[in-house]
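Asker: Quick one: this structure, given as structure tokens, is what I'll be asking you about.
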């Protein structure tokens, strides 16, 4: 069984791309060679022009490549292809998986939100998704929570299939342990890093501590 890894999601808005890229570089460095080393960054900007997504991607992709971090764009496979991203993350109401795969090709990484449904996850896995995401496990300020998931779905999934699973939704260093123990391959975090009172770098240290407790 592999150790759980960190899947980082950008804030929902990035006002100053250069300043954010600098902060992200600090976060990457803080996690490097620790249990909180970032495995994936998802650029998740909602309701912004395509140009804003591409501008952010241009700044963040080289950093991801330098630290060997997978770079995904939320929802927009055509933008992911144009930006040279590693893939895309799609929700149930976003671009369908089959269409995203046609746009991005066989080598791209495509993850699918499956809420609290093993049925949706099985469908995604059978279609060829590279990972499935379950949640929200906890209340979150990043987006409105419609579907709540329980840790036992991670336990079921990790025993039933080899398709990796991501736990998402309100995850912090204080509440991550049950999800890691239940079998999450990745924990997706956003606000717990970017909005940490003592800063994102300090938050990375706390995630390193919890991820360092091997399951």
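For all residues, glycine too, the Cβ spot is worked out from N, Cα and C.
These came from TrEMBL, pasted as-is:
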BINDING   42, 43, 44, 45, 46, 74, 113, 143  4-amino-2-methyl-5-(diphosphooxymethyl)pyrimidine binding site
BINDING   75, 94  Mg(2+) binding site
DOMAIN    6-193  domain 'Thiamine phosphate synthase/TenI'
Asker: Quick check: in three-state DSSP terms, what is residue 44 (4-amino-2-methyl-5-(diphosphooxymethyl)pyrimidine binding site)?
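Answerer: Where residue 44 (4-amino-2-methyl-5-(diphosphooxymethyl)pyrimidine binding site) sits, the three-state DSSP reduction gives coil.
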Asker: Taking the Cα of residue 94 (Mg(2+) binding site) as the centre, which of the binding-site residues listed as 42, 43, 44, 45, 46 lie within 10 Å of it?
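Answerer: Candidates kept after distance check: none.
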Asker: Counting other Cβ atoms within 10 Å of each residue's Cβ, which of the binding-site residues 43, 45 comes out lowest?
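Answerer: Selected from the binding-site residues 43, 45 on minimum Cβ neighbours within 10 Å: 45.
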Asker: Measuring Cα to Cα, how far is residue 45 (4-amino-2-methyl-5-(diphosphooxymethyl)pyrimidine binding site) from residue 75 (Mg(2+) binding site) in Å?
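Answerer: Rounded to the nearest whole number, the Cα-Cα distance is 9 Å.
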Asker: I need the least crowded one of these binding-site residues (75, 94), counting other C-beta atoms within 10 angstroms of each C-beta.
Answerer: 94
Asker: Counting only residues 6+ away in sequence within the same chain, which have a CB under 8 Å from the CB of residue 46 (4-amino-2-methyl-5-(diphosphooxymethyl)pyrimidine binding site)?
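Answerer: In sequence order, the residues whose Cβ lies under 8 Å from that of residue 46 (4-amino-2-methyl-5-(diphosphooxymethyl)pyrimidine binding site) (at least 6 apart) are 12, 74.
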Asker: If you count Cβ atoms within 10 Å of the Cβ of residue 44 (4-amino-2-methyl-5-(diphosphooxymethyl)pyrimidine binding site), leaving out that atom itself, what do you get?
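Answerer: Other Cβ atoms within 10 Å of residue 44 (4-amino-2-methyl-5-(diphosphooxymethyl)pyrimidine binding site): 20.
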Asker: If I take the alpha carbons of residue 43 (4-amino-2-methyl-5-(diphosphooxymethyl)pyrimidine binding site) and residue 75 (Mg(2+) binding site), what is the distance between them in whole Å?
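Answerer: Cα of residue 43 (4-amino-2-methyl-5-(diphosphooxymethyl)pyrimidine binding site) to Cα of residue 75 (Mg(2+) binding site) measures 10 Å after rounding.
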Asker: Including all protein chains shown, what's the count of other C-beta atoms within 10 A of the C-beta of residue 113 (4-amino-2-methyl-5-(diphosphooxymethyl)pyrimidine binding site)?
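Answerer: A count of 22.
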Asker: Report, in whole Å, the straight Cα-to-Cα distance of residue 75 (Mg(2+) binding site) from residue 44 (4-amino-2-methyl-5-(diphosphooxymethyl)pyrimidine binding site).
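Answerer: Cα of residue 44 (4-amino-2-methyl-5-(diphosphooxymethyl)pyrimidine binding site) to Cα of residue 75 (Mg(2+) binding site) measures 8 Å after rounding.
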Asker: Can you give me the Cα-Cα distance between residue 113 (4-amino-2-methyl-5-(diphosphooxymethyl)pyrimidine binding site) and residue 75 (Mg(2+) binding site) in Å, rounded to a whole number?
Answerer: 11
Asker: Calculate the distance in Å between the alpha carbons (Cα) of residue 42 (4-amino-2-methyl-5-(diphosphooxymethyl)pyrimidine binding site) and residue 75 (Mg(2+) binding site), and round it to a whole number.
Answerer: 10
Asker: Could you tell me which three-state DSSP class residue 94 (Mg(2+) binding site) falls into?
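Answerer: Coil, per DSSP.
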